[in-house]
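A.B. asks: I have a structure here, written as structure tokens, and I will follow up with some questions on it.
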């Protein structure tokens, strides 16, 4: 799998679309290079930087999304509000805000860091591996959603009880419970104990 220094600039000499590069990191989250997105997710996977966003409405309900059916990785499954990968050199906070707007057509009214979590989750359905150093963010959303259908097949605001029910019947991303559990202390601080998270 190709690895380049994190400061390298991708180039395309044949006029085709440039490869999407991800930041490879060590176990402490320190950038050690880049790799093409698909190759970083092929078994056994390469540890790379990612982010996960959890946005809540004024009633303390979590916004979840169903990933578009056209995605090559985990299509059609439900997951957290937004997740993705910063561009090499891009701050995870900036990437989280950018991708939330690109996918859902809305900017959070509040977005705060909620820690990091490291995991390795094979996805049997796609044969790919999520080996990520994931930056977590929690926040509030108040504007009307305008999801991009190329990215998002559906959205729902759910209470903890509704999420438990959905999780029992619908397919969720391999990483969903790991990132939600890691973000729970910040979620509780944001939503208050009465919300039940």
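Cβ from N, Cα, C; glycine included.
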A.B. asks: For the Mn(2+) site, Swiss-Prot lists 48, 85, 130, 132; sort out which one of 41, 167 goes with them.
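C.D. replies: Among the candidates, Swiss-Prot records only 41 at this Mn(2+) site.
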A.B. asks: For residue 41 (Mn(2+) binding site), name the DSSP secondary structure in the helix/strand/coil scheme.
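C.D. replies: Helix, per DSSP.
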A.B. asks: Could you tell me which three-state DSSP class residue 85 (Mn(2+) binding site) falls into?
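C.D. replies: Once the DSSP labels are grouped into three classes, residue 85 (Mn(2+) binding site) ends up as coil.
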A.B. asks: Report the DSSP secondary-structure composition of the domain 'Nudix hydrolase' (46-183) as helix, strand and coil residue counts.
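C.D. replies: Helix, strand and coil residues of the domain 'Nudix hydrolase' (46-183) number 31 helix, 55 strand, 52 coil.
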